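According to TrEMBL, the protein has these features:
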type: BINDING; residues: P171; note: substrate binding site
type: BINDING; residues: H201; note: heme b binding site
type: BINDING; residues: T202, D260; note: Ca(2+) 2 binding site
type: DOMAIN; residues: 32-332; note: domain 'Plant heme peroxidase family profile'
type: SIGNAL; residues: 1-24; note: signal peptide
type: SITE; residues: R69; note: site 'Transition state stabilizer'
Amino acid sequence: MATSALCFYLLIMSSAVCFSLSTAQNGDSPQGLALDFYQNTCPRAHDIIKAEVLKVVNQNPSQAAGLMRIVFHDCFVQGCDASLLLTKPMVSEQIATPNNASLRQSTIRILDHIKDQVEAVCPGVVSCADTIVLSAAIALELVGGPNISVLMGRRDSQTAASNQTVIANIPAPQLSISGLKQNFQNHGLDSRDLVALSGAHTFGQAHCRVVDLQLTPTLSSDLNAGFAANLVRICQPNNSAQNRGGLTVHLNFLSTDVFDNSYYKNVLNKVAIFHSDAELLNAPDTKQLVQLYAGDQGSFFQQFKLSFTKMVQMGVLTGQNGVIRTKCSVSNS
């Protein structure tokens, strides 16, 4: 596998999602991946997935953020192998501490449905891992993001990672800048990828139980005082005793459902929610990148494309390794 750097809604209805050959930073891509991998075995795969994602995003643009979260949480734990979607027979990454109540079950059901549509045309050919990656790339562009080249040919794991493995690999929202850099370095990634992939916080939602870490017992200095007060009103209402667990807040109040560079403006203005967001300003190299991307969306998109491509090539199973799961939620018998 090529090792390199990584990390984590206007509808563009007329844009065609095109994919061209892409390589990792060192010029290599994992052996067995190819742009036209399914050309002979399932030539309709791309069109089927694109049509399903288009329907989903038309109905609910916020699902693009859900798909992006699935990619990140899958690839950072034992590679991009769709192990995150496994729920049977025993271990499930979905109930691991960093994932429990964080991943959208509706997004997981969407991926199951997309896989079923592909299976109906090309049984046992297209992997769940490729379905995850391609669905996210298509959705991202439909909500204003860059066109991202995607190579296909991943295969699926038959086993999910343990809770301890998930905790060790998913960067926590309270990490310091040194902790964030180390986490990414552990995955073969660098500061450019850390900052670029953090930009995915430009859309989506956070659970108030996580936001509360910034609000109690005292308001964090990471946050603008007025913004923090607004978060308190949303996440700590007077009637919150019974339903606090299900409350969420938008990660970005500037452009809630659009993938753009407003996240970096939020970081500079102290209206980004997580401690890990504010920590990007605490190292010269990452601070410089935040400032660059805040003023230049084109530079952000260019680096995000590179970083996303590296992420989805991490730890892939190809060739004789792994399987093609018929159902994404269960291993093959």
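Please read every residue number as a count from 1 along the shown chain.
Keep in mind that glycine also has a Cβ here, set from the backbone N, Cα and C atoms.
Cα-Cα distance from T202 (Ca(2+) 2 binding site) to R69 (site 'Transition state stabilizer'): 12 Å (rounded to the nearest whole number).
Rounded to a whole number, the distance between the Cα atoms of H201 (heme b binding site) and the residue listed as 'substrate binding site' is 14 Å. Spacing of the residue listed as 'heme b binding site' relative to R69 (site 'Transition state stabilizer') is 10 Å (Cα to Cα, whole number). Here D260 (Ca(2+) 2 binding site) is positioned 16 angstrom away from R69 (site 'Transition state stabilizer'), judged by their C-alpha atoms.
Within 10 Å of the C-beta atom of R69 (site 'Transition state stabilizer') sit 21 other C-beta atoms, taking all shown protein chains into account.
For D260 (Ca(2+) 2 binding site), the same-chain residues that are 6 or more apart in sequence and have a Cβ closer than 8 Å to its Cβ are G144, T202, Q297. Of all Cβ atoms in the shown protein chains, 23 besides its own fall within 10 Å of the Cβ of H201 (heme b binding site).
Cβ neighbour count within 10 Å across all protein chains ranks T202 highest among the binding-site residues P171, T202.
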